[in-house]
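These features come from TrEMBL:
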type	residues	note
ACT_SITE	His141	active site, tele-AMP-histidine intermediate
BINDING	Asn71, His143	substrate binding site
DOMAIN	45-154	domain 'HIT'
MOTIF	139-143	motif 'Histidine triad motif'
Amino acid sequence: MLLDMHDQAGAGEPDNFQRLWTPHRMAYIKGENKPTGTGPDDGCPFDAIPKMSDEEGLIVARGEVVYAVLNLYPYNSGHLMVVPYRHVSDYDELDPAELVELSQFTQRSLRALRKAGGAQGFNVGMNLGHVAGAGIAAHLHQHVVPRWGGDTNFMPVVARTKVLPELLRDTRQALADAWS
Ligand SMILES: [Zn+2]
């Protein structure tokens, strides 16, 4: 599942959208140990992250019922996810408060990415279920992937295997500052 720089250099080509959403590249945050359980006690990273500090968990913003977090294995620099605190797999299960704040956080993610990174476009969406390519199907999450022409920007495009912790920390800080 290596993604080399040649791959990244292809960003912006017509097939890019498809490439971005190819299931085998779907992100697993905190990565190596892809959770298979169905409950909060089964190692779900989306349940563990809110218990961490913002810096440790790469959390950009915390809401009442959802939070925004950087993807540890971004498709693009600044790749955010909006996640309900509640361990829920299906969009159909979200309650009204979660639906509203998920939308609000998606909107604020776009704003922060424009402000901090000058994002020119976005891929926004969620994959529900393993068959749809969800890396962590048990806990739904909305992807917000910033795009630039050529996909090169102030936040360097990094390959999945080359994500530097320092870069992620800097990116998180920039987005957290831009959030408010
Ligand atoms: Zn969970």
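From the backbone N, Cα and C atoms, a Cβ is placed for every residue, glycine too.
Positions of TrEMBL features highlighted on the structure.
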| residue | record | Cβ neighbours (10 Å) |
| --- | --- | --- |
| Asn71 | substrate binding site | 24 |
| His141 | active site, tele-AMP-histidine intermediate | 22 |
| His143 | substrate binding site | 23 |
Task: Per-residue pLDDT averaged over the domain 'HIT' (45-154), given as an integer - done: 92
- [ ] According to DSSP, folded down to helix, strand and coil, what is His143 (substrate binding site)?
- [x] strand
Open item on the list: Using DSSP, what is the helix/strand/coil residue split across the domain 'HIT' (45-154)?
Closed with: 42 helix, 25 strand, 43 coil
